[in-house]
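The following features are taken from Swiss-Prot:
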TRANSMEM  55-75  transmembrane segment
TRANSMEM  83-103  transmembrane segment
MOTIF     103-107  motif 'Histidine box-1'
TRANSMEM  119-139  transmembrane segment
MOTIF     140-144  motif 'Histidine box-2'
TRANSMEM  164-184  transmembrane segment
TRANSMEM  197-217  transmembrane segment
TRANSMEM  222-242  transmembrane segment
MOTIF     271-275  motif 'Histidine box-3'
């Protein structure tokens, strides 16, 4: 894994022999990002200057929210085929952009004051149609701190998913329904009681949803929901769900994407760089690779998220088990 160091990996032999594995890849070392972060900062301390909020985040989010809600209003009398087409080829990009804006805000990368980021996250959530921004932050920060840890990292598929999704047809359905699995996984595996801010998130979202239906009709609301659903399934933008941590190389558990869709996704494709430095906003992650390139050049990466989806579905050795897992270390 380049200068980040190699991991000790244990997995069944099936995947290496051309058959889908029957268990996860189990690692007996810590996740690679903390150690690589220390190494890079010792060599390039100037990277600390990249830490901090993106001053343009508020403006970018506001423009996308206004554009998407305006589009929903314009489509209030449109036919269903037109609504579905615009949702897939236009609205999906906007709502997925907002989902990844919420990801950015979960790291407090719009404002220095956390509560301002939380409020902006609730605002960014509006066109998505389903309240999720506050809950997402609670689980996502654990994904960083406990990457791959059994029972804590909710980004890793469940054993039920892995047992059921074992062929091309099942993987195709799984990709279509990715958002549902991401949403339901924490409820069954690691439920957390909702807090004050989640109720605020829920209340504001319901007010917006009801207002859209009352003022513009169900078709406008359906456009927003469809934009969320299709953008999180069989869609180029959704390729990052698979590309980030699904193991195509048993010696690497995080992968970056260096393609054009980074322009629309807050550079979430720079995923090794993001996990190494979660305090650096997306608009500066490319500078990490430019400054400390030798730490990333030896790592496998992607240039097409659509190709990643195709590889995941068609490769008979890859499935939900193709994830790195580890037990909780005593130091945690």
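Including glycine, each Cβ sits where the backbone N, Cα and C put it.
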| field | Result, the transmembrane segment (222-242) in contact with the transmembrane segment (164-184) (3+ CB pairs under 8 Å) | value | yes
| field | Intrachain residues whose Cβ lies under 8 Å of the transmembrane segment (119-139), provided they are six or more past its termini | value | 57-58, 61-62, 64-65, 68-69, 72, 94-95, 98-99, 101-103, 105-106, 110-111, 154, 183, 186, 190, 192, 194-195, 197-198, 200-202, 204-206, 208-209, 221, 224-225, 227-228
| note | Long-range Cβ contacts under 8 Å made by the transmembrane segment (222-242), restricted to residues 6 or more beyond its ends, are 68, 71-72, 75, 83-84, 86-88, 90-96, 99, 127-130, 172, 175-179, 182, 212, 257, 261, 264-265, 268-269, 271, 304-309, 312
| request: Go through the chain and flag residues at least 6 beyond the ends of the transmembrane segment (197-217) whose CB is under 8 A from any CB in it; none is fine as an answer. | output: 69, 72-73, 76-77, 118, 122, 125-126, 129-135, 224
| Per DSSP, how many helix, strand and coil residues does the motif 'Histidine box-1' (103-107) have? | 4 helix, 0 strand, 1 coil
| field | Confidence summary for the motif 'Histidine box-3' (271-275), mean pLDDT rounded | value | 99
